[in-house]
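Contents: one structure, followed by commentary.
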Amino acid sequence: MMNYESVVAFVGQWRCFQKLIFFLLCTSIVPNGLVSFNIVFVGDNPDHHCRIPEVNLTQEWLNATIPEEVVNGKLGRSKCSRYRLDVIRNLSDQGLVPGRDVNLTSLEQEGCLDGWTYSKETYQSTIVTEFDLVCSNQWKAPLTSTIYLLGLLVGALITGPLSDRFGRKPVFFAMMAVQAFSVLIQVLSVSWTMFSIFFCINGIARISSYISCFVLGTEILTGKVRVLFSSLGICLSFAMGYMLLPLFAYFLRDWKSLLFAIFPTNLMSLFFWWFVPESPRWLLSQGRVAEADAILRKVARMNNVEAPEIIFDETTLTKEKTTTRVQHNVFDLVKTRHIRKITLIICLVWFTLRFGYYGLTLNTSQLHANPYISCFMSAAIEIPAYVFAWLALQYCRRRPVTILVFFTGSLALFLIQLVPEHLSGLAVALELMGKFTFTAGVCLLYVYGAEIYPTVLRSTATGTCGILSRVGSSVAPFLFSIGDSFEYLPYILLGTLTLATGVASFFLPETFGKQLPQSIEEMPKARSLKCPMKTKKDPPKVISESPL
């Protein structure tokens, strides 16, 4: 197989075309950050209690209609019951005073037969207030998030095969369109079921557009710019959208207004179709050499450089056409022993990263009483995490820095339980450190995995190995619910899983300083499982391209 980056070196790495592609693809990722966690505000559960209709009651009885109960060690008004109104009305008509003439605990209670009254101190409305997802229907609120996360799982499953079959560009823009219009239909939802169905579709499109955009940029850009895009550019763009979310939500307290404001940010990316080409690497892998040649010549003209008379010689054409006769699928990820080892470890790494990332992200509401500040803190910590990942990818070997991330994350999680109660700020810092390591790990693994798998399997591997990661994210909402019996149990479980994954990372191959593999035969080999502490000398680096 040819050395692709050497063949296309004549177009340069950071000229007009590369700058345009870098900017457009990064811009198209910003809406992903807005969409991913809007359920934090759209699906939040404000304070509520049973609605009291207009009845002839004295002020004392009106104030006493809602019984008090202890929840999480605090005394407060009941959210799902009230004293029977017919009894209360009779007692009020008799001129009796609650608490003095009548023992309230002896009165019979009933459910919220007239609906609920919701606090508007933080939100004007959410889907919880819109569809009354409380009391007997309170299970629907967390299920909404799970449905979205299951959509991410389905999207991760179908994106790879679709992208490898039909191309990176068509899948990317088609999914951006689906994402935009699913948000719009959510605004028009007349029931929780309708909202959840299109929320799931939104999840499918969200992850599909992200993966296809990542793969498209990784294959179009080369050298340092490729790693800059895949490690820092695309991740910072997502974080920018995530940081904008609490700003949008702060000024738009109604859930429909918030989603309607997010809709055009998704729609604008569709106009990039005329400027973003198909991946020449993918075209070559499909034997469509003439199309790849035409794109590169157009790039050369845009960069004001002269293309060679023959970009791909006859030998290359023969090899590429031969390659297209072999149809690759998901079973190639476990076909041979060394690929199977790599795939199993990558799946474990992805599961742990997503489980920890979403678990800690969904728990950030406990960081601060104000949900907008909590969301911003959770988003802001991702910026230094992405910068760290970029610097690590620029100067460090992939395997050691991956191991370091997992060991640091597990240490932070284990230390949380040792922090005294009066040092709550230190516990918050350790939890944010955990979020930092998982965020950096996700960024590292996107690049690491793309460098391990060849072009003919890269998108399939990215999507398929991400399936387990989406399983991890789907069960993440239940992580901190198990802390009711023992507060620190979630941190211990997550820390143990993170430590075990760090040990497994010892066996991944090293890809630092090597060209992206084009064929399965060019894939790096997994390290021996017999003794991870015995290291073999890495093969000589390819000097033609200095990696980030």
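Backbone N, Cα and C define each Cβ position, glycine as well.
Summarising the annotation, TrEMBL assigns domain 'Major facilitator superfamily (MFS) profile' to 87-513.
Summarising the annotation, TrEMBL assigns transmembrane segment to 20-41 (among others).
Look at TrEMBL and you will find 141-159 (among others) tagged as transmembrane segment. Tertiary proximity for the transmembrane segment (141-159) is limited to same-chain residues at least six positions away from its ends with a CB under 8 Å from its CB atoms, namely 39, 43, 45, 127-128, 133-134, 171, 175, 192, 195-196, 199-208, 211-212, 358, 362, 459, 462-464, 466-467, 469-471, 473-474, 476-477.
Using a Cβ-Cβ cut-off under 8 Å and counting only residues 6 or more beyond its ends in the same chain, the transmembrane segment (228-252) has close neighbours at 22, 25-27, 29-38, 40-41, 210, 213-214, 217-218, 221, 258, 261-262, 265, 371-373, 375-376, 378-380, 382-383, 386-387, 389-390, 393, 443-444, 446-447, 450, 548. Sequence annotations record features per position, and here TrEMBL assigns transmembrane segment to 228-252 (among others).
Taken from TrEMBL, the feature transmembrane segment applies to 258-276 (among others).
Residues 149, 333-334, 402, 406, 409, 434-435, 438-439, 441-442, 445, 449, 452, 461, 465-473, 475-477, 479-480, 490, 494, 497-498, 501, 504-505, 507-509, 523, 526 of the same chain, all 6+ positions outside the transmembrane segment (342-359), place their C-beta atoms under 8 angstroms from a C-beta of that stretch. Positions annotated as transmembrane segment by TrEMBL: 342-359 (among others).
What TrEMBL lists as transmembrane segment is 371-393 (among others). Here the transmembrane segment (371-393) has Cβ contacts under 8 Å with residues 33, 37, 40-41, 44, 122, 227-228, 231-232, 235-236, 238-239, 242-243, 245-246, 249-250, 361, 364-365, 401, 432, 435-437, 439-440, 443-444, 447, 547-548 of the same chain, all six or more residues outside its ends.
The transmembrane segment annotation in TrEMBL covers 400-419 (among others).
For 488-508 (among others), the entry in TrEMBL reads transmembrane segment.
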Overall pLDDT for the domain 'Major facilitator superfamily (MFS) profile' (87-513), taken as the rounded mean: 85
Surrounding residues of the transmembrane segment (20-41) on its own chain - C-beta under 8 Å, 6+ positions past either end: 123, 126, 144-145, 148, 176, 179, 183, 199, 202, 206, 209-210, 213, 216-217, 220-221, 225, 228-229, 233-234, 236-246, 248-249, 255, 258-259, 262, 265-266, 269, 272, 275-276, 361, 365, 371, 375, 379
